[in-house]
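Q: This structure is in structure tokens; I'll ask about it shortly.
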Amino acid sequence: MADQLTEEQIAEFKEAFSLFDKDGDGTITTKELGTVMRSLGQNPTEAELQDMINEVDADGNGTIDFPEFLTMMARKMKDTDSEEEIREAFRVFDKDGNGFISAAELRHVMTNLGEKLTDEEVDEMIREADIDGDGQVNYEEFVTMMTSK
């Protein structure tokens, strides 16, 4: 996981890590983790922080060493990429850029992808993703659809 980071990213993470490793013993406390991540432009929620800490802090001693920190940051960066990919996919479908995917836009893109769908099939796809029932798919609904397993 950490091997997907550039040397520049690793150096940047090391610098941030060191700023919060007050006594220089090579570990930071879980409380300091949120501050470190925010200094690197990430904005994790408390629940996300707790999840990350639980995943990384194998011995449960409340501190995180640098290799653990690198693994965690690499995971977080990977997640950010997929969010950007979803946003890009939404833009492809949202032809007129109004923030919604209509049945006509969905049909157009699916046809370009070689999928010949009936009006009923297109309407069904919209209905499945259309959480608020307004007949079109907004970005939040699209994300939900794309990220649900």
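Using the three backbone atoms N, Cα and C, a Cβ is placed for every residue, glycine included.
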Q: Swiss-Prot has Asp94, Asp96, Asn98 binding Ca(2+) 3. Which one of Glu85, Glu105 is in the same site?
A: Glu105
Q: From the set Lys14, Lys76, Lys95, which residue is assigned the annotation N6,N6,N6-trimethyllysine by Swiss-Prot?
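A: The candidate carrying the N6,N6,N6-trimethyllysine note in Swiss-Prot is Lys95.
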Q: Going by Cα-Cα distance, which of the recorded positions (Asp57, Asn61, Lys95, Glu105, Lys116) sits nearest to Gln136 (Ca(2+) 4 binding site)?
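A: Closest recorded candidate to Gln136 (Ca(2+) 4 binding site) by Cα: Glu105.
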Q: Taking the Cβ of Asp96 (Ca(2+) 3 binding site) as the centre, how many other Cβ atoms fall within a 10 Å radius?
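A: A count of 10.
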